[in-house]
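Per Swiss-Prot, the feature transmembrane segment maps to 17-40, 78-103, 120-145, 174-199, 218-242, 269-294; the stated evidence is similarity to another entry. Among the features that Swiss-Prot reports, repeat 'Solcar 2' is placed at 114-203, with the record citing sequence analysis. The feature site 'Important for inhibition by GDP' is assigned by Swiss-Prot to K141, R185, with similarity to another entry given as support. The repeat 'Solcar 3' feature in Swiss-Prot is assigned to 212-297.
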Amino acid sequence: MVGFKATDVPPTATVKFLGAGTAACIADLITFPLDTAKVRLQIQGESQGPVHATASAQYRGVMGTILTMVRTEGPRSLYNGLVAGLQRQMSFASVRIGLYDSVKQFYTKGSEHASIGSRLLAGSTTGALAVAVAQPTDVVKVRFQAQARAGGGRRYQSTVNAYKTIAREEGFRGLWKGTSPNVARNAIVNCAELVTYDLIKDALLKANLMTDDLPCHFTSAFGAGFCTTVIASPVDVVKTRYMNSALGQYSSAGHCALTMLQKEGPRAFYKGFMPSFLRLGSWNVVMFVTYEQLKRALMAACTSREAPF
């Protein structure tokens, strides 16, 4: 057996909630530079935005983007928006991942045999619910990642300053900008990510190809990351463009998507695909492996406290 052993007692909702948020924060710490590179590539080609990321630098590929940012803005630029990112994951992942099993059981009325439809419903529900909780943190994270030091001063000096500036200049709605595409994106991402992970893991275990250990979690998470990137990239690009846009630049997320299609063609919807895949693939592996181990460790700790002898 690799890692912590599974306990006879299933993890509680609280353990899943805390475990999911913590695991997502660990995954974000490791993969954040890839996410920043993805954002820069996705907004490249925009004419205007509240944060001008591409005014003095053109980005080519994942490593090219990272190296250009390090050269022109310094290594710390790769972690722009990290605080907001961790705030987002602690509130966001706790809901969309931590509550997934509980919502799935609600839809299946406690049955152990969940259909694909029930899993999709659960993924859509927790994904959309998470946006309602964490949207402002996502807006601030994207704005920080998009802003460049080269060619001018930084618009936001700190995370708190970013929240205040956006609320003052754009109103309360500014903090909830892009909610519609984000709800769509996260319903899709959650379904692709959690349901694919669920199905791959179940298939591997039922076929006796693997046991419920780290290799199984790694394989399932990697497959889920690839499927999620393919399905969610178009919505993710629109979400990023719309949240980073200047006030009045786009009338809606749909207008943003139509403008992209007309000016840049359909390939624009897959801008930043490679960093998206590298980020989502690695993020999924780190998050799911850590999450599975955290659940077991926390339940083992709870069990040992209840029965010390």
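Cβ from N, Cα, C; glycine included.
Using a Cβ-Cβ cut-off under 8 Å and counting only residues 6 or more beyond its ends in the same chain, the transmembrane segment (78-103) has close neighbours at 13, 16-25, 27-29, 32-33, 35-37, 66, 69-70, 121-123, 125-127, 129-131, 133-134, 137-138, 140-145, 147, 159, 162, 186, 190, 194, 287, 291. Among residues of the same chain six or more beyond the transmembrane segment (269-294), those with a C-beta under 8 A of the stretch's C-beta atoms are 3-4, 19-20, 22-24, 26-28, 30-31, 34-35, 37-42, 44-45, 61-62, 65, 93, 97, 193, 197, 214, 217-218, 220-222, 224-226, 228-229, 233-234, 236-238, 257, 260-261. Through the fold, the transmembrane segment (174-199) approaches residues 96-97, 100, 114, 116, 119-120, 122-124, 126-128, 130-131, 135-136, 138-140, 163, 166-167, 220-221, 223-225, 227-228, 231-232, 235-236, 238-239, 242-243, 247, 252-253, 256, 280, 284, 288 of its own chain, all at least 6 residues removed from its boundaries and within a Cβ separation under 8 Å. Across the repeat 'Solcar 2' (114-203), the prediction's mean pLDDT works out to 84.
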